[in-house]
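Some features that TrEMBL has for this protein:
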ACT_SITE  623  active site, proton acceptor
BINDING   329, 402, 430, 477, 654, 695  phosphoenolpyruvate binding site
BINDING   329, 330, 334, 475, 477, 623, 650  3-phosphoshikimate binding site
COMPBIAS  494-507  compositional bias 'Basic and acidic residues'
DOMAIN    13-300  domain 'Prephenate/arogenate dehydrogenase'
REGION    494-513  region 'Disordered'
Ligand code: S3P
């Protein structure tokens with residue numbers, strides 16, 4: 001752990017900046033701009049730059065190093081990388097143990113070697129660093145006080161670095177608004193070779209190549225958009241960059257080799273008119289670029305996973321209007337999976353752009369499938385056929401999604417190549433034995449972690465055999481997993497379920513021309529078939545609509561229409577249960593779209609009463625129980641749920657997570673192993689923990705409509721997995737939930 005230094009302690013430092021170029025001057029200017037209380041001194045070979053710094057008011061004094069160093073407590077060396085050694089030689093006779101010294105060099109191994117040459121070791125008070133910020137402009141006059149704000153600064157401490165020196169360097173950069181992270185020098189140089197040094201090299205090279213051509217004036221006259229965007233950094237300081245490439249030679253050459261291979265692949269694709277190869281590379285790159293943008297804006301799931309988002313739901317609010325919630329999650333996953341394995345093109349509309357289904361989409365891109373989009377819910381998949389997937393370069397990360405991991409396990413078990421499936425912390429706790437066991441019976445070779453948990457390592461090239469299987473639990477994920485593996489198995493695979501579960505896999509397979517027969521509780525398919533891609537219209541997700549069905553049912557005066565909701569009979573348990581409780585729900589405009597029933601659901605407030613939930617409805621409402629518990633808390637009398645032990649192995653143990661939250665709010669309940677009893681009545685507010693489970697977070701947001709006090713809900717970032725615009729849609733109908741980031 002880095003020692004903690006209070007922000008005010010920085011004001012006791014005297015900061016000496018050696019080298020008043022863009023970086024050094026921006027440190028000085030930034031300190032002045034944030035009201036730093038200590039002194040800022042500077043030294044530079046060029047007296048004129050010092051005079052400019054003084055007249056700009058960004059430094060308080062200067063002089064020869066042997067006068068400045070005794071006054072300084074924190075030194076920032078901001079000279080080009082290859083000049084650092086001579087600065088250190090000049091500093092060595094004046095070195096003190098209580099001095100903290102850092103640098104801003106763009107390569108770190110070379111700087112560490114310079115330090116070791118001068119001192120014979122790395123002094124514990126020398127903390128190497130590198131702010132990932134800059135500009136193509138150079139010199140003191142280019143100084144920007146806000147240059148480091150919201151930028152990353154990488155520090156590369158040694159095992160024996162002084163903890164308090166490290167903390168003081170952290171404090172300096174944090175005061176300038178930067179986000180400080182630590183890594184080893186080797187990793188730093190490797191990462192930077194790819195993300196900074198290589199792009200600079202390419203920009204320098206492109207501009208130089210064009211500038212040498214005779215007609216250059218003419219070329220540059222027409223070179224606006226692309227050229228300008230690509231080459232902005234070619235205006236950077238030549239000496240600094242010469243030093244960077246000298247200092248980081250090996251890593252840069254490695255990155256350049258990879259780049260040359262990529263360019264030559266594209267060259268071949270252009271020569272051979274290979275549209276798929278071009279589209280593949282461009283769509284992967286375009287997607288990666290957008291993803292990078294969301295990372296930078298801190299809007300991506302992977303950055304959110306580490307973010308601490310709290311919802312504050314004020315008590316009360318309205319539920320009024322007409323809305324369409326995002327696309328069905330189950331169908332979105334399956335549309336990508338089946339579209340990728342089909343022959344021809346599959347065009348999907350209404351695709352859920354939530355983190356779970358986006359992870360599935362990304363996994364197929366990594367297996368060589370060209371996928372355009374998503375743009376406003378539209379995705380175009382260029383299917384590769386049943387045997388056209390390619391081995392991914394690394395593990396496939398499916399985020400928070402149990403559906404993705406279990407369905408993938410089935411279809412990857414039949415591939416010719418090895419794969420590894422990984423997920424986030426919540427998914428890594430979830431049971432995978434339920435899919436691994438039947439797949440092993442089919443001849444699949446799968447290794448899981450202890451207790452049959454993820455990651456799953458699936459060996460390719462296995463011959464799968466047909467399976468005749470009675471599911472031990474009602475699970476559409478397990479059923480779908482076996483059917484997907486069955487497509488790659490010899491003979492007819494049969495799965496029987498103890499109770500009906502969602503049948504989107506069976507419907508979509510049939511829609512793609514892969515026959516799945518159903519009779520009673522059994523689904524059957526023969527291996528070795530093919531699919532043909534086609535259009536898919538994904539309706540709004542009834543599981544997301546459920547939050548608003550309950551919101552309207554419990555809020556006096558509510559009147560809401562939810563448009564274009566999927567009402568497949570294997571998903572409508574929530575409607576049946578709410579209607580049994582007395583809710584005023586009506587299906588309007590019922591129709592069938594692409595083999596799935598769809599309707600607008602009109603819901604108005606009506607007083608609810610407690611019921612004994614029909615156990616047959618449990619699998620048909622499996623994801624809706626968190627919010628149904630809130631309906632029960634607002635109903636008159638007791639609601640009893642039994643036969644719902646599956647709730648304990650969802651994204652959280654949903655029985656316990658809801659019970660803990662309801663206890664905070666004062667909702668009377670009794671927890672059972674396979675269910676819960678809830679007594680409706682008045683309840684208050686307080687702070688509840690969603691345990692990172694999207695549906696728990698949204699259920700308590702709905703609860704606030706009828707609470708007497710506000711409800712604070714912790715750990716809500718995962719709402720983005722299934723319902724990215726939950727807060728804006730809720731606000732649009734009159735709910736009062738706001739997100740705050742800790
Ligand atoms: C799903 C099936 C259900 C459900 C999940 C999605 C699917 O899980 O909870 O959100 O798309 O097949 P189980 O099959 O584990 O019940």
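Using N, Cα and C of the backbone, Cβ positions are placed for all residues, glycine too.
Distribution of TrEMBL features across the structure.
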residue	record	Cβ within 10 Å
329	phosphoenolpyruvate binding site	24
330	3-phosphoshikimate binding site	28
334	3-phosphoshikimate binding site	24
402	phosphoenolpyruvate binding site	22
430	phosphoenolpyruvate binding site	19
477	phosphoenolpyruvate binding site	24
623	active site, proton acceptor	24
650	3-phosphoshikimate binding site	20
654	phosphoenolpyruvate binding site	25
695	phosphoenolpyruvate binding site	28
Query raised in the report: Near residue 475 (3-phosphoshikimate binding site), how many other Cβ atoms are within 10 Å of its Cβ?
Result: 23
Query raised in the report: Roughly how many angstrom lie between the C-alpha atoms of residue 650 (3-phosphoshikimate binding site) and residue 477 (phosphoenolpyruvate binding site)?
Result: 12
Requested in this report: Would you kindly give the Cα-Cα distance separating residue 623 (active site, proton acceptor) and residue 654 (phosphoenolpyruvate binding site), rounded to the nearest Å?
Outcome: 10
Requested in this report: Give the subset of the binding-site residues 430, 654, 695 lying near ligand 1, defined as CB under 6 A from any of its atoms.
Outcome: none
Query raised in the report: If you measure every Cα to Cα distance among 329, 402, 430, 477, 654, 695, the residues said to bind phosphoenolpyruvate, what is the biggest one in Å?
Result: 19
**Report entry** Helix-strand-coil residue split for the region 'Disordered' (494-513), DSSP-based
**Finding:** 8 helix, 3 strand, 9 coil
**Report entry** Across the domain 'Prephenate/arogenate dehydrogenase' (13-300), average pLDDT on the 0 to 100 scale
**Finding:** 92
Report task. Write down the Cα-Cα distance for residue 623 (active site, proton acceptor) and residue 334 (3-phosphoshikimate binding site), rounded and given in Å. Result -> 17
